[in-house]
Each structure stands twice: as structure tokens, then as C-alpha cells.
Amino acid sequence: MAPSRNGMILKPHFHKDWQQRVDTWFNQPARKIRRRKARQAKARRIAPRPASGPIRPIVRCPTVRYHTKVRAGRGFSLEELRVAGIHKKMARTIGISVDPRRRNKSTESLQANVQRLKEYRSKLILFPRKPSAPKKGDSSAEELKLATQLTGPVMPIRNVYKKEKARAITEEEKNFKAFASLRMARANARLFGIRAKRAKEAAEQDVEKKK
């Protein structure tokens, strides 16, 4: 590997006939063609289902650095499916991914994904298992004629940014200490239980003193 940026200049100590062990990438163009053919074969195999696979939930990226962005998750939580009125076993059969390990930590995420599931159900064209005997919930014959295979992602997720208009900075904003406030908030969250315990012990001691 060539030296990059302001690091130490390396002195590679090669042994073991390294020239016979150089990793080459001559298969890259053929690999690209193979991947494309595999995608096309899968799309033909699963038709008329969406080529990109089942619908995925909207999740927020972890850590402070990335939590302003949303992306596709692994699967919908059991709570989201329950609120949307879809059985977990049925969900997988109609192109909805399920992840039983996932937990909803906010009402907003739950509501957003429930809304996503309801919108998906309203747009879904469901083929009957037996064309001669359609069941309740299956799409009508007119809808089945309109069905085409979706090639892109199912209901793509977009990051929406709200642009704010330029305005004058207030005195309160100038005096606000962002880093100190974050440190204080973290400290308060960390020490919440200890402080509650101390307050309880102090109250008990006061009661004993009064006796």
C-alpha cells in the first residue's frame, strides 16, 4: 500500500516470497457482470414480488454523530406490527420484514413505522394462492391485471431537511454554553439514581431524629 498523508514512511520487511502472494483484482469486471446476472435471475424467480425484497422500517442511525439521519432497518418490531394490525407470521408472507429483537424506544418511531405499514398495505396487490378460489383480503381481478414488478426499493426512505430562514442571533443564544449543557445533562442522567437514594436516606434519618 502506498504511503498516505503525514504518517511514518514505512520500511516493509517482506519475506516468504511475497511476489507470489500479491492479491490481484483482475476478476472485478467479471464479478460485476455475475452480480448483475444474479440480480436479474432473482427478480425473475420472485416475480411479481418487488425485486429489491421486502419492505424495511425507518430507523435512526446510532451514536451522536449520525443520529440526525434515518435509514432502512432490518425488520419491523412486533409492537409495530401489532399496532398496525398485522400478524407476525402473515407479515413475512406479504413482503414485510420482521425483526423480533427490535424494541421501540420512542412513540415517534413507532408511529412513523405503523404509518409506513398502513400505507404499504393500502398499495399492496395481493395474489390469491388459488386463482379459482380467492380469499378475503386478496386483490380483485382488475387489480391483478395492473400488477407489475417493482424494480427499485419499496417505498424509499428520504432524509428531509427543513431549511431555516436567516435571522439575528439572540443574546440568550450567545450566552448558551452547548458543551457544558450536554455535560450537565449527562451527569444528571448518570447521578439520578444515586441522588434519589441519598434523598430517601436523608428523609428517613430526619424521621428518626424527630422520633
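The backbone N, Cα and C atoms fix where each Cβ goes, and this holds for glycine too.
As given in Swiss-Prot:
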- K123: SUMO2 cross-link (CROSSLNK)
- K145: SUMO2 cross-link (CROSSLNK)
- K174: SUMO2 cross-link (CROSSLNK)
- K174: SUMO1 cross-link (CROSSLNK)
- K177: SUMO2 cross-link (CROSSLNK)
- K16: N6-acetyllysine (MOD_RES)
- S52: phosphoserine (MOD_RES)
- S77: phosphoserine (MOD_RES)
- S106: phosphoserine (MOD_RES)
- K177: N6-acetyllysine (MOD_RES)
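Burial estimate for the modified residues (S52, S77, S106): highest at S77, by number of other CB atoms within 10 Å. In this structure, K123 (SUMO2 cross-link) is part of a helix by DSSP. Closest by Cα distance to K123 (SUMO2 cross-link), from the recorded positions S77, S106, K177, is S77. Closest to S77 (phosphoserine) by Cα-Cα distance, out of the recorded positions K16, K145, K174, is K145.
Checking each of the recorded positions S106, K145, K174, K177 against S52 (phosphoserine) by C-alpha distance, the shortest gap belongs to K145. Take the recorded sites K123, K174: by the count of other Cβ atoms within 10 Å of each Cβ, the lowest one is K174. For K16 (N6-acetyllysine), applying a Cβ distance below 8 Å and a minimum sequence separation of six or more within one chain yields no residues. Under DSSP, K177 (SUMO2 cross-link) is assigned to coil, being neither helix nor strand in the three-state scheme. Shown in sequence order, the list is empty: the chain has no residue 6+ apart in sequence with a C-beta less than 8 angstroms from the C-beta of K177 (SUMO2 cross-link). Recorded residues S106 (phosphoserine) and K145 (SUMO2 cross-link) have their alpha carbons 41 Å apart, per Cα-Cα distance.
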